[in-house]
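Reviewing the structure listed below.
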């Protein structure tokens, strides 16, 4: 008589979520009491802050949260939808290659164009892309995976630079103090991570017993979010297009961006962060389930995003806490920690608990780096060239990600054909 060994899927303990929640709460609650600045400069004390600044920040964060939910829904629901349509893993990899190539070719020019025509139009274009994919998938029986991947990859590129640049330009035009941007930067990372968790909750709610109804409900949710975001963007939000020709913009870009070594170093830093996070999201699940290990990925993802939220709440402590630090030093230390984490993951086998802990540390550093890099962009990059500079940093990152995806596709098709 054989022995049957029952195995349960591993999932993070409830104490991990409680720890992250309490840590975030204490960080937010205690920061105003230990801040070196007066209470009028704290973003957590809304009663003493400027009412116009509070309204401006709240409206932008609401728009940015809607955009983050749309981005998160496609990332969470995308693989389920592709499996529903019978798309193989090889076709998924090729669709990712097509999307990455589209972002590499078109995303770079869109970033430069956005500085000339205005970032509000690009934010509306972001919503139009999501609305188009949602409507197109609803009216097409067998939608093309490549077209959807290219449109969504371009939308992701627009998301990475247009919303931030639009906010910074509008912030400058309204005459708010530049130091108040520091609070907005970390709040963007905070609300983005919270919205990504919310998108997972919404996706789990949409997925029910009837797969056909789930696909329809998903497309409907995307369309509703896109329409609401477009309405809020267009209502009461001013455009900030520039009064310079393309030739003048090109000369300024060559002088200030390519002529400043500090900005070029910042471009390299942003590119490295984008590449490492992109590759991480491609490989994190296969790494955890290696050697046939079973675990609940749906509970690991909120744990990682919670760590990113915690990392974003550490930012104000380092900037205006009891002991302030230089942004350049914090970025350097965060990159060192992230590099060590990836080195340990890549070259040494670890148990699931330790791997998830390393993943959480990686995301905490990511949540800390995002506002620091935005602050450095404000310090060194002219606001009129901000969108083009961010899109420039995406070029080598997208090229490297495309190379990795092509290598994976080649390995599966040529080296290991028996697994296809």
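Any Cβ shown, glycine's included, is placed from N, Cα and C.
A TrEMBL annotation is a machine prediction, not a hand-curated record.
TrEMBL lists 12-31 (among others) with the feature transmembrane segment.
Annotation source TrEMBL lists transmembrane segment at 60-80 (among others). With a cut-off of 8 Å between Cβ atoms, the residues of this chain six or more beyond the transmembrane segment (60-80) that come close are 92, 123, 126-127, 130, 152, 155-156, 159, 163, 167, 170, 184, 187-188, 191-192, 194-196, 198-200, 202-203, 206-207, 218, 221-222, 225-226, 228-229, 232-233, 281, 301.
Residues or ranges marked as transmembrane segment by TrEMBL: 92-113 (among others).
Taken from TrEMBL, the feature transmembrane segment applies to 145-163 (among others).
For 184-203 (among others), the entry in TrEMBL reads transmembrane segment.
The annotation transmembrane segment is assigned in TrEMBL to 215-234 (among others).
Residues annotated as transmembrane segment in TrEMBL: 263-285 (among others).
Residues or ranges marked as transmembrane segment in TrEMBL: 297-318 (among others).
As annotated by TrEMBL, transmembrane segment applies to 330-349 (among others).
According to TrEMBL, the transmembrane segment annotation covers 355-376 (among others).
The list of residues near the transmembrane segment (388-410) in space but at least 6 beyond its ends in sequence, with Cβ under 8 angstroms from a Cβ of it, reads 90, 93-94, 96-97, 100-101, 103-104, 107-108, 110-112, 114-115, 157, 160-161, 164-165, 249, 253, 257, 263, 266-268, 270-272, 274-275, 278-279, 282, 377, 381. Residues or ranges marked as transmembrane segment by TrEMBL: 388-410 (among others).
Against the transmembrane segment (330-349), the recorded stretches 92-113, 145-163, 263-285 differ in Cβ pairs under 8 Å, and the greatest number is found for 263-285.
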